[in-house]
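What follows is a short report on a single structure.
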Amino acid sequence: MAIHLVIIDALNLIRRVHSAQPDPTDIANTIQNTRRTLQRIISESHPTHIVAVFDHLGSDRGWRAEILPEYKQGRKPMPEPLLNGLEKIQEAWWQLGIDSLLSEGDEADDLVATLACKVAQHGEKVTIISTDKGYCQLLSPTLQIRDYFQHRWLDQPFIEQEFGVKPQQLSDYWGLTGISSSQVTGIPGIGPKAAKEILSQFDDIEQAFLSPDLPKKYRTKFDQHIELARRCKRVSALKTDIELGFNLQDLRFTANEAR
């Protein structure tokens, strides 16, 4: 039987559902609405395997903050009622047949990326449910990203229209432009238009930096900030080699599974 693994970026989904509520303290409503959302996702995607991946909620900002100390500094914490309700949300999802994977020190993004790539590399179909465009660097013939809330696929045509680069160049793109929401600065003075121009001429940051053909208007910026660009690229790239400690069979989904 053909495999279709659906990976839910859990907090990405929960936060969006919760933020649309008139009463942020009504976690019972959050549970109900996320269950409805997941039921629609299951109905539309027909998974054979499914899992929800949650970020760890400790104070440790992980390996990216070691490379770039300002990474995700100053982000608003999760609302306390929602934080206190996460276990109930996970229980409600478990009753639907969806297990939760909680990261321990790693960001959920890296766990999602590792699991998705391991399965896709064997030629099996993987769908990541998330609005996070960072996952687009993983795109492959059997790995796709679905923005459920905008009802769109974050596919290669979307990336070309949105950023003007190839999926495999996205970490270089963000190494140049930065990611403001994560406090990733990039090279000062290089924005999306310049990054698109550079990456249409060169494969990546290193090739551009080493080339005598790099336009003069960018040479000084590269010479002054190349190490920063390298660090920003590293934190923008997703890890795909985390030890998972379980196998795909553990994630098998059965519709209307009795729990």
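Sequential numbering from 1, following the chain as shown.
Including glycine, each Cβ sits where the backbone N, Cα and C put it.
Database features (Swiss-Prot):
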type	residues	note
BINDING	Asp109	Mg(2+) binding site
BINDING	Leu176, Ile187, Ile190	K(+) binding site
DOMAIN	165-255	domain '5'-3' exonuclease'
REGION	189-194	region 'Interaction with DNA'
By DSSP, what is the split of the region 'Interaction with DNA' (189-194) into helix, strand and coil residues? 3 helix, 0 strand, 3 coil
Roughly how many Å lie between the Cα atoms of Leu176 (K(+) binding site) and Asp109 (Mg(2+) binding site), rounded to a whole value? 21
List of residues, in chain order, with Cβ under 8 A from that of Ile187 (K(+) binding site) and at least 6 apart: Gly175, Leu176, Thr177, Gly178, Lys221, Phe222, His225, Leu228, Ala229, Cys232
Output, ordered by sequence, the same-chain residues six or more apart from Ile190 (K(+) binding site) with a CB under 8 Å from its CB, or 'none'. Leu176, Thr177, Ile198, Tyr218, Lys221
I'd like the Cβ neighbour count for Leu176 (K(+) binding site), meaning other Cβ atoms within 10 Å of its Cβ, all protein chains included. 29
Do you know the mean pLDDT across the region 'Interaction with DNA' (189-194)? 98
Additional residues surrounding K(+), by Cβ distance to the Leu176, Ile187, Ile190 centre under 8 Å: Gly175, Thr177, Gly178, Gly186, Pro188, Gly189, Gly191, Ala194, Ala195, Ile198, Tyr218, Lys221, Phe222, His225, Ala229
In the three-state DSSP scheme, Asp109 (Mg(2+) binding site) belongs to helix
For Ile187 (K(+) binding site), which DSSP three-state class applies? coil
Going by DSSP, how much of the domain '5'-3' exonuclease' (165-255) is helix, how much is strand and how much is coil, in residues? 55 helix, 3 strand, 33 coil
